[in-house]
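Asker: Sharing the record's features from TrEMBL:
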SIGNAL    1-25  signal peptide
DOMAIN    42-119  domain 'G-protein coupled receptors family 2 profile 1'
TRANSMEM  134-160  transmembrane segment
DOMAIN    138-388  domain 'G-protein coupled receptors family 2 profile 2'
TRANSMEM  172-190  transmembrane segment
TRANSMEM  226-246  transmembrane segment
TRANSMEM  253-272  transmembrane segment
TRANSMEM  292-318  transmembrane segment
TRANSMEM  339-358  transmembrane segment
TRANSMEM  364-387  transmembrane segment
Amino acid sequence: MRINRHLRRIVLIAALLDFSSNVKAIPPECDPDYILLQDEESCFKDLLKINISQADSQQPECRGFWDHLNCWPHADVGETVSQPCPRFLHNTGRVYRNCTEHGWTEPFPPHEIACEYAFETLTFPFEAPTSHGYFLYVQVMYSVGYAISTASLTIATATLCLFRRLHCTRNYVHIQLFLSFILRATFIFIRDAVLFSSDDHFHCDSYPVSCKIATTFSNYCIMANYSWLLAEGHYLYSLVSVSLFSQKRHLRWYIVLGWGSPMVIIVAWSLAKYTQENEGCWERRGHEGIWWILRVPVLLFIVVNLLFFLSIIRILVAKLRTQEMHRNELNQYRRLAKSTLLLVSLFGLHYVLFAFLPHKVSEIWNFIELAFASTQGFVVAVLYCFLNGEVQYEVQRRWRRWRLKQHLPGEARRQHGSMSQSVGAHTQVSFLTRGPSTRHSSLV
């Protein structure tokens, strides 16, 4: 049977995928040519069995055959036979042929329509061809945001670590929060590099272990980021509400809970994924129960942080209204209120807007949420470090000291030169004044 134009295009795509598989070493079970060869052998075996069983009966008008893509069984005139799309296309569509007095008709609809396969560009199976550009723009947007956040957070962390006078429990908590933001952005970059570095894994069911590990660590860093945001909320609440607050003792608990509790959650999620939904790179959300293992702690962190925010506002308003407070205490609480309103609202209120929305929301909401999440680290670095009065004072003090050191050696050299000149002149003068008297005494 002659292969029509559409089938030739399908075979060409299979040949191209086969070439790429040889170059990039795709496993045999993912090789299109290997899959087609298996289907062809299975087709000939099935047709042979049917021919042997129907040897004494009347031969059908349309005999079964292999058309290089599908196996078509024997059929009588007027019968319509359907076959699924080739396996290497990973599509649930079907192709049909009619059996007529003149033999088999051409397949309808064409494979590129029935199998929804784009011949111009290869798309991911979980993306619609029309949405590929949207996801590309979104990825570029949040990549730029995370890059800016990572750079600013790295500078802020180095600043808090280098200056000894900035070493205190408050800044130690800030440093842990900065590190959680940095790790979150770093592993998101690693996850994207592993998931989208090659299209090969999206054309077969073979997924490397590395992509699952990258997804797991990315989720852990996101959970740790939420955990340290909660630690910041509790720390600010303790400073305002508790009169005797042991900061060093609480720092140990913050470190244990900030990095340890997400580990427990991720281990439980990983075990559930491995046993119940070990598919793809673990980025899919097919099983809602497994997804709620991550979603419930995040919602809990957000709600508790929001309660801390409301309690802090209530306490600060009550203290600011007290007329018996000293002037310095009033200024201190005003500064604390300013930082609390800016920061707690940042990591509390905007998360509330998106936390209770379903994950299948409009593209605009997804864009806004990712824009907030990717640039949040930059805003935190600005509020906690770059606009902090203590940090600015320490940086300016170190800058003035450095400028003074650069200025003093020149002044010392100039003073040394002037002193040597004055000493030389004084020596000449002394010699001139003492010269005659010396000669006079010798003559005497």
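Cβ atoms here come from the backbone N, Cα and C positions, even for glycine.
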Asker: Under 8 Å, at least 3 Cβ pairs, sequence separation 6 or more: does that hold for the transmembrane segment (292-318) versus the transmembrane segment (226-246)?
Answerer: yes
Asker: Excluding the flanking five residues on each side, which residues at least 6 beyond the ends of the transmembrane segment (172-190) place their CB within less than 8 Å of a CB in that stretch?
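Answerer: Same-chain contacts beyond the flanks: 142-143, 146-147, 149-150, 153-154, 156-157, 160-161, 214, 217-218, 220-222, 224-225, 227-229, 231-232, 235, 251, 254-255, 258, 374, 376-377, 380-381, 384-385.
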Asker: Quick one: average pLDDT across the domain 'G-protein coupled receptors family 2 profile 1' (42-119), no decimals.
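Answerer: Mean model confidence (pLDDT) across the domain 'G-protein coupled receptors family 2 profile 1' (42-119) is 82.
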Asker: Give me the DSSP three-state residue breakdown of the domain 'G-protein coupled receptors family 2 profile 1' (42-119), ordered helix, strand, coil.
Answerer: 19 helix, 21 strand, 38 coil
